[in-house]
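Written below as structure tokens is the structure these notes are about.
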Amino acid sequence: MWLKIQVFVLALALITLGIQAEPNSGPNNPLIQEEARACADVYKECWYPEKPCCKDRACQCTLGMTCKCKATLGDLFGRR
């Protein structure tokens, strides 16, 4: 009887883990797509040369080495 309860609890735990792991496991996951981009958008983290800023924007770094893509005047006024 005790063995049946242990097997049931183990099976229930494995099923629960499997259900929790499924939503983010697909190739169309937004987090995976964001990391796979070749360049960084405005105000996103950048690091040259691995992930430069898109559209020749400047990658501006602080003293703490946190680098973000700087907006251009066209970005500020809605031009693309």
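Glycine residues also receive a Cβ, built from the backbone N, Cα and C atoms like all the rest.
Remember, it's a predicted structure, so these values are computed and weren't measured experimentally.
Among CYS53, CYS54, the cysteine that Swiss-Prot records as disulfide-bonded to CYS69 is CYS53. Within the set CYS46, CYS54, the cysteine that Swiss-Prot bonds to CYS39 via a disulfide is CYS54. The disulfide-bonded residues under consideration are CYS46, CYS54, CYS69. Their Cβ neighbour counts within 10 Å are lowest for CYS54. DSSP classifies CYS39 (disulfide bond) as coil under the three-state reduction. Note: the CA-CA distance between CYS39 (disulfide bond) and CYS53 (disulfide bond) rounds to 5 Å. Set side by side, the disulfide-bonded residues CYS39, CYS59, CYS67 differ in how many other CB atoms lie within 10 angstroms of their CB, and the most is found at CYS67. Around CYS61 (disulfide bond), the same-chain residues six or more apart in sequence whose CB sits under 8 Å from its CB are CYS67, listed in sequence order.
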